[in-house]
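Asker: First the structure, then my questions, so here it is.
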Amino acid sequence: MQHNTLSKHNQKLPFTRYDFGWVLLCIGMAIGAGTVLMPVQIGLKGIWVFITAAIIAYPATWVVQDIYLKTLSESDSCNDYTDIISHYLGKNWGIFLGVIYFLMIIHGIFIYSLSVVFDSASYLKTFGLTDADLSQSLLYKVAIFAVLVAIASGGERLLFKISGPMVVVKVGIIVVFGFAMIPHWNFANITAFPQASVFFRDVLLTIPFCFFSAVFIQVLNPMNIAYRKREADKVLATRLALRTHRISYITLIAVILFFAFSFTFSISHEEAVSAFEQNISALALAAQVIPGHIIHITSTVLNIFAVLTAFFGIYLGFHEAIKGIILNLLSRIIDTKKINSRVLTLAICAFIVITLTIWVSFRVSVLVFFQLGSPLYGIVSCLIPFFLIYKVAQLEKLRGFKAWLILLYGILLCLSPLLKLIE
């Protein structure tokens with residue numbers, strides 16, 4: 001019996017369309033509008049700074065997400081993030097850390113909800129489909145969020161069908177533009193190695209930038225939960241989730257680095273500074289060699305698809321976070337098995353639509369959320385997993401060098417808003 005179990009856990013796993021769907025969702029969560037700003041950032045800081053920061057940050061980000069996923073997948077109970085923490089440490093720890101997880105997720109979905117409404121309304125007016133600015137309409141906001149929430153709540157297979165093609169188009173645009181710039185490579189654009197003090201300062205400042213260019217941690221626990229529901233064997237489900245993460249991350253980094261370096265070799269430091277001052281992306285710089293109308297269309301498509309796929313990806317985590325907190329609180333007064341799951345899901349969906357509509361209607365500034373973003377990600381993706389590893393006996397096998405690495409990385413992410421002061 002034990003031999004059969006070991007054989008099953010060591011056998012080669014087929015890669016299915018379901019796995020491919022999750023790969024696309026993971027990549028879609030990470031790659032997008034921010035990616036096209038990378039060459040400008042590299043041009044500002046210098047290629048040597050970026051190479052050093054990337055050598056440190058990208059392997060470290062891989063370790064962070066891998067450890068994060070493993071800490072969550074070891075739990076015998078796997079309904080939501082709060083439930084997992086409660087299984088490890090009890091309901092009080094579950095609600096406390098669940099709220100922190102919720103804050104990390106809400107940071108992202110609030111930002112994307114603003115983009116969804118205002119960008120879509122702007123495009124509808126720009127392309128002559130409407131005369132009025134629909135972003136001022138309450139009905140438009142409710143309709144937009146109701147449709148997106150209905151799609152995102154329809155299950156991962158529906159998301160695969162809708163979000164998947166968008167991700168393929170996004171990646172296609174990034175790769176095609178990367179190849180289009182190859183004939184314009186000029187290695188004279190590689191700047192000289194900076195002074196040591198400037199170099200180390202800029203590397204320290206660029207590491208968090210690299211982290212956010214490749215992170216898709218928001219979708220990892222929803223993926224972990226989906227695999228656990230799909231597979232009766234916990235170990236098999238974990239293997240599938242880890243493999244999906246591995247394929248997604250390797251593909252993502254390959255695409256990002258190819259695009260970034262292709263443009264970096266094609267633009268000078270002066271052009272990068274000019275682009276930064278004008279707040280334009282690498283695609284705008286590509287207008288020098290690609291017709292302007294193509295740039296306009298692809299930039300629009302990339303922005304729309306980037307916002308939508310990121311919204312769909314982060315919604316899964318947002319819904320799961322709210323559900324976990326509600327069930328944790330209700331479990332203290334009633335038996336949660338008596339709760340109708342469909343009614344709970346519909347109530348959460350309605351709450352999300354109302355919350356996002358109110359948020360967008362008040363046009364609350366997202367600047368404070370940008371400042372809180374890095375510390376929240378540092379706490380949830382690094383500090384909490386480190387705490388769990390050394391607090392929970394079930395996670396003892398994860399202790400060691402990698403655990404201490406994510407602790408240091410988490411501290412750096414938490415301090416990154418302060419590090420901007422030394423720039």
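Yeah, the Cβs are placed from backbone N, Cα and C, and that goes for glycine too.
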Asker: Would you confirm whether, in Swiss-Prot, Tyr18 and Glu320 belong to the same side of the membrane?
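Answerer: Yes - Swiss-Prot names the same topological domain for Tyr18 as for Glu320.
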Asker: If you count every Cβ pair below 8 Å, which range out of 94-114, 203-223, 294-314 shares the most with the transmembrane segment (20-40)?
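Answerer: Most contacts with the transmembrane segment (20-40): 294-314.
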Asker: Given the cut-off of 8 Å on Cβ pairs that are 6 or more apart in sequence, determine whether the transmembrane segment (294-314) and the transmembrane segment (403-423) share at least 3 such pairs.
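Answerer: They do not touch: fewer than three Cβ pairs between the two stretches lie under 8 Å.
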Asker: Averaging the per-residue pLDDT over the topological domain 'Cytoplasmic' (1-19), what integer do you get?
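Answerer: Per the prediction, mean pLDDT sits at 67 for the topological domain 'Cytoplasmic' (1-19).
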Asker: For the transmembrane segment (403-423), which recorded stretch in the set 44-64, 134-154, 162-182, 203-223, 247-267 gives the largest number of Cβ pairs separated by under 8 Å?
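Answerer: Checked against 44-64, 134-154, 162-182, 203-223, 247-267; highest Cβ contact count belongs to 203-223.
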